[in-house]
Amino acid sequence: MMKFTKQNFIFLVGGIIIYVVDIGLDFWVAGKYFCQGQYCWGILILCFRGLSSLITQIFSYEWFKNDWEGTETGKLKWVFLVHLFQCGIFIRYWFALKYGCHAAFKQKSNRDASETDPPNFIQKQAVDVVTDINMLRVFKTFLETTPQLFVQIYILMEHGKNNFYQYAAIMMSLCGISFSMVDYQISLRKSLCDKDEFRVLPKLAYLFYKLLTITSWILSISLITLLSVRSSVILLIFLWICCFIWTLKQHTTFCKSKKMEYLYRTVVGIILIFTFFNIKERKTKVCISIYYATHTVVTVGILFVYMFWKPSIIKEIHFTIVSILTILSLVLGIIVLVVYYRCFHPTAYCRPQACSDEVDGVAGQKDRVETGRFQNFIMQ
């Protein structure tokens, strides 16, 4: 049986605080740029925030509509208005706090009870509503937080100004990515057969694998952006096209409507620019190897371009530091990735007949009551 613990509730409260602070910090940073006359950066920060909010609200409302279909039609009108004003996530947080508090502090779960018994049902309600939030936070992380981190690092590298609000934005972005990855992985394992095996070391391994590889890639893109903004944009668009085509080849069936399915594949294509995201029930060894091999080739290629295009810049201390950090984080990230898949991945300790490989994406949206939306999100 899935169980919502006091530790999960603490992570939930921490996630809410970071979410609210992140909103305020985005507007504060954008306001600082506007006051300094750097309108381009201010608008770009707000665009990331607006795009992320719009897409997460669309998915959130669609999920409410699917879950309440035929039973809560009256409430859906109010839910639609709240989502229209970009506040739908707070409805989900309210439900999460309500069910989570009940499950973590007021219920004594019986492991031998069936899933339809009241204690287990409360536990499942808490887990379901929190995992929906974690899916939305994964979308937000790669639609807003990660691109903002890239922009802030590029600004520091380009202009060399050490402003407090820029460091605050970078630290907030890193905290957002960290909490998103940890909460995502906690919810992931709750949908698997042997969740008790997922302890502190697997969490840290997964977290550092993601953070190190994402950091290396962001630094690489920042370096090529310093050479040519146009080249950087062309590279990102090309990578997104390749990733989007790959999602089309997977024939995902996450959403009920074709329009929502294409939106989902578009979002997954953006996520794939920054990190590997498995969306189909199949072994990931070959795909993930090709993915990070490509990242390694591109990263090394960018450093070689600097050597031949601007050899004079190699002597500058900031380029040396960024290059070392880029290579070091990439190597360490891949090492942690190998350790994670060899020692902490579910297939390393779960029974073969009961468990299969992890899936980050959605291979089909079926009965919410029987499997839960997140279990389709991570089927492999």
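Each residue, glycine too, has its Cβ placed from N, Cα and C.
Under the heading transmembrane segment, TrEMBL lists 9-29 (among others). Through the fold, the transmembrane segment (9-29) approaches residues 42, 45-46, 49, 89, 93, 96-97, 100-101, 104-105, 130, 133, 137, 145, 148, 165-166, 168-169, 172, 175-176, 179, 182-183, 186 of its own chain, all at least 6 residues removed from its boundaries and within a Cβ separation under 8 Å.
According to TrEMBL, the transmembrane segment annotation covers 41-64 (among others). Sequence-distant contacts of the transmembrane segment (41-64) (same chain, at least 6 residues past either end, Cβ-Cβ under 8 Å): 23, 26-27, 29-34, 76, 79-80, 83-84, 86, 88-89, 91-92, 132, 135-136, 139-140, 143-144, 147-148, 151, 155, 255, 260, 263-264, 267, 373.
Residues 12, 16, 19, 53-54, 56-58, 60-61, 64-65, 68, 129, 132-133, 136 of the same chain lie 6+ residues outside the transmembrane segment (76-95) yet bring a C-beta within less than 8 angstroms of a C-beta in it. Taken from TrEMBL, the feature transmembrane segment covers 76-95 (among others).
The transmembrane segment annotation in TrEMBL covers 164-186 (among others). Nonlocal intrachain contacts for the transmembrane segment (164-186), taken as residues 6+ away from its ends with a CB within less than 8 angstroms of a stretch CB, comprise 8, 11-12, 14-15, 18, 21-22, 25-26, 28-29, 32, 130, 134-135, 137-138, 140-141, 145-146, 148-149, 152-153, 155-156, 198, 202-203, 206-207, 210-211, 214.
Sequence-distant contacts of the transmembrane segment (207-227), counting only residues of its own chain at least 6 positions beyond either end whose CB sits under 8 Å from a CB of the stretch, comprise 146, 149-150, 153-154, 157-158, 174, 177-178, 181-182, 185, 235-236, 274-275, 292, 295, 298-299, 302-303, 305-306, 309-310, 322-323, 325-327, 329-330, 332-334, 336-337, 340. Per TrEMBL, the feature transmembrane segment maps to 207-227 (among others).
What TrEMBL records for 233-250 (among others) is transmembrane segment.
Sequence-distant contacts of the transmembrane segment (262-279) (same chain, at least 6 residues past either end, Cβ-Cβ under 8 Å): 55, 58-59, 138-139, 142-143, 146, 210, 213-214, 217-218, 236, 239-241, 243-244, 246-248, 250, 252, 254-255, 287-288, 291-292, 358-363, 380. According to TrEMBL, the transmembrane segment annotation covers 262-279 (among others).
Look at TrEMBL and you will find 291-309 (among others) tagged as transmembrane segment.
According to TrEMBL, the transmembrane segment annotation covers 321-341 (among others).
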Same-chain residues near the transmembrane segment (233-250), Cβ under 8 Å, at least 6 residues beyond its ends: 221, 224, 265-266, 268-270, 272-273, 279-280, 298, 361
